Amino acid sequence: MSNANGSSNDSFGAVQMAVLPPLLGVECVLALAGNSLAVWLFVCRVARPWHSGTVLAFSLALSDLLYAASLPLLIAYYASGKSWRFGQSLCRAERFLFTCNLYGSILFITFISLNRYLGIVRPMLARAHVRPGRAKLASLAGWLLTAAITGPTLSYSQLEERHGKLQCLGTAVDARLAGYLHYSLFLAVWSCALPFLVTLSCYLSVVRAVWASPSVERAERHRVLALVLVVLSLYGVSFLPYTVLRNVNLYRRLHGLDQAAGGIYKAYQVSKGLVTLNACLHPLLYAALPEHAKALCCPGRGQQDTPAYTGATEVHV
């Protein structure tokens with residue numbers, strides 16, 4: 001039995017080492033470059049005062065940038081055959097930054113969807129209550145909330161010797177696995193499923209409102225619909241599979257079923273790579289409005305001619 005387990009562990013480890021380093025490596029470079037550029041554009045090229053949508057989009061870009069910055073140590077870890085060489089503190093810091101900014105991105109996407117819903121579907125309410133200052137407070141609250149709910153990863157993540165290697169656990173040691181599963185399910189419900197439902201509801205309402213408005217041109221309607229489909233598709237291929245497979249894998253591991261679920265484990269490893277797609281693609285969506293992108297990138301074109309991110313059909317995702 002031990003030989004079978006050892007063979008399975010070797011097979012599973014081979015999947016991680018074959019899939020994750022190259023996939024995460026490419027995504028890390030793209031995410032760092034794209035989000036660094038996005039942050040620079042927001043800081044240096046977007047006119048002040050910022051619109052509320054710009055405040056939230058900047059927070060999303062910053063969260064994605066910090067998320068991407070947590071990847072190099074993880075890439076080195078998988079590339080070395082899951083042998084952690086950076087100490088306990090960096091192990092915990094890496095796992096915390098990965099988790100915190102992953103769920104931070106989800107939260108800011110939700111805030112942006114709510115902002116779009118108010119601006120397009122409830123414009124009178126938005127004019128009365130949506131202000132840049134309140135968007136800044138919402139962003140600050142979002143950062144604090146995300147740090148609080150992902151803080152337990154600092155406790156669960158630790159070093160453990162397995163198969164002759166010092167590993168940085170992304171979940172928990174076996175003795176604490178039951179508690180970690182409960183915590184992971186909490187994150188799945190409150191930090192992924194609920195935000196997804198809010199985002200879905202908001203964007204469906206946005207599409208319905210834009211489609212029903214006679215003042216919106218046909219091309220603009222299709223563009224807004226395409227952007228909404230991209231946002232929801234990214235959820236469907238990254239956040240949701242990662243969250244579901246993570247918890248299914250934890251449940252099977254807790255009940256001693258992990259060895260019989262090689263397909264689930266391998267799919268979970270692939271989902272780790274796919275979840276980073278969001279951080280790569282969000283910067284492209286910031287520049288979804290060509291005229292706005294030109295104004296940002298070309299100082300010769302004044303901000304007065306093309307106010308950044310203020311139109312009724314702007315979509316920050």
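Yeah, the Cβs are placed from backbone N, Cα and C, and that goes for glycine too.
According to TrEMBL, the domain 'G-protein coupled receptors family 1 profile' annotation covers 34-286.
TrEMBL lists 20-43 (among others) with the feature transmembrane segment.
Through the fold, the transmembrane segment (55-76) approaches residues 20-21, 24-25, 27-28, 31-32, 35-36, 38-39, 42-43, 85-86, 90, 94, 97-98, 100-102, 104-105, 108-109, 111-112, 115, 132, 135-136, 138-139, 142-143, 276, 278-279, 282-283, 286, 309, 316 of its own chain, all at least 6 residues removed from its boundaries and within a Cβ separation under 8 Å. Residues annotated as transmembrane segment in TrEMBL: 55-76 (among others).
If one looks beyond the transmembrane segment (96-114) by at least 6 residues along the same chain, the residues whose Cβ comes under 8 Å of a Cβ in the stretch are 53, 56-57, 59-60, 63-64, 66-67, 69-71, 74, 138-139, 142-143, 145-147, 149-151, 153-154, 157, 170, 187, 191-192, 195-196, 198-199, 202-203, 231, 239, 275, 278-279, 282, 316-317. Positions annotated as transmembrane segment by TrEMBL: 96-114 (among others).
Under the heading transmembrane segment, TrEMBL lists 180-204 (among others).
If you look up TrEMBL, you'll see 224-245 (among others) marked as transmembrane segment.
Looking just at the domain 'G-protein coupled receptors family 1 profile' (34-286), the mean pLDDT is 91.
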